[in-house]
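Data block below; observations after.
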Amino acid sequence: MTQFILGHLFKISSSVFYSYTLRSNSYFKHNKKYERPRKEGSFLDIPFSYQKMMMHQISVPTELIRSYRKLDLAEQDVIVILQLITLQQQGDLLPSFDFISENMQLSPHEVANILKKLKNNGYLRIEQIEDEQRMVHEWYSLEPLFNKLYEDTSSTKDQEKKEEGKLFGLFEQEFGRALSPIEIETVSHWLDQDQFKPALIKAALREAVLMGKMNFRYIDRILAEWKKRGIRSSADMNQAREPMQEKPKEKRDTSVYYNWLEE
């Protein structure tokens, strides 16, 4: 379903990238020779199918595709949102449930329920605008959804930055000195390149403190070992550390043994 969503969004697919030759005014695609595009008026003289694709696009925030699950949106909700954006760009600001469902595998009733859900969750509202003839029109506004997307993203990133700042301070506190430029670069590499969460790096530092091995190489080996075992967060680490429950020892049935001492 996610692939279906992405299919609505990619503006230029790999199939329309051509292999241009540098020596002539032509290019080849699938072993067939074409003339290099030339401008004629406001359009390029390129295959009609490519022109048609380029003329029928919608703009959708990437954050919607990345973060819709965090907002408790299902794939069907996102498709309805995409249909709504498409119809509004075509001039229908308040499309009917039937019209929205025409290009979907959903009934008008299901579309109505999704729009109601979006409205109740604060992602959609109906607003009014006045045209040049002072006629009032209603339209679906997705501004609350986009505000929510970027507010959550911004607050999450701010929190991550705070945690990263505290991490450097914690290292200096445990080592009892300021970190060297190389050590600062090492911590930054763990965060930016290895994508370790600050909580996991703190856990590795705690391991080093408990073992009495206060050096960055030891901490790096801990993180490398955790990475090898698929441990990327403190939650993964705690799960891996949970001792396996010992199976209760089976009691031996002694009734079959003859006790010679009691004879």
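Glycine is no exception: its Cβ is also placed from the backbone N, Cα and C atoms.
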Can you say which of 14-35, 234-255 is given as region 'Disordered' in TrEMBL?
234-255
Is it possible to list how many residues within the domain 'DnaD N-terminal' (60-159) are helical, extended or coil according to DSSP?
60 helix, 12 strand, 28 coil
Tally of DSSP helical, extended and coil residues in the domain 'DnaB/C C-terminal' (170-239):
51 helix, 0 strand, 19 coil
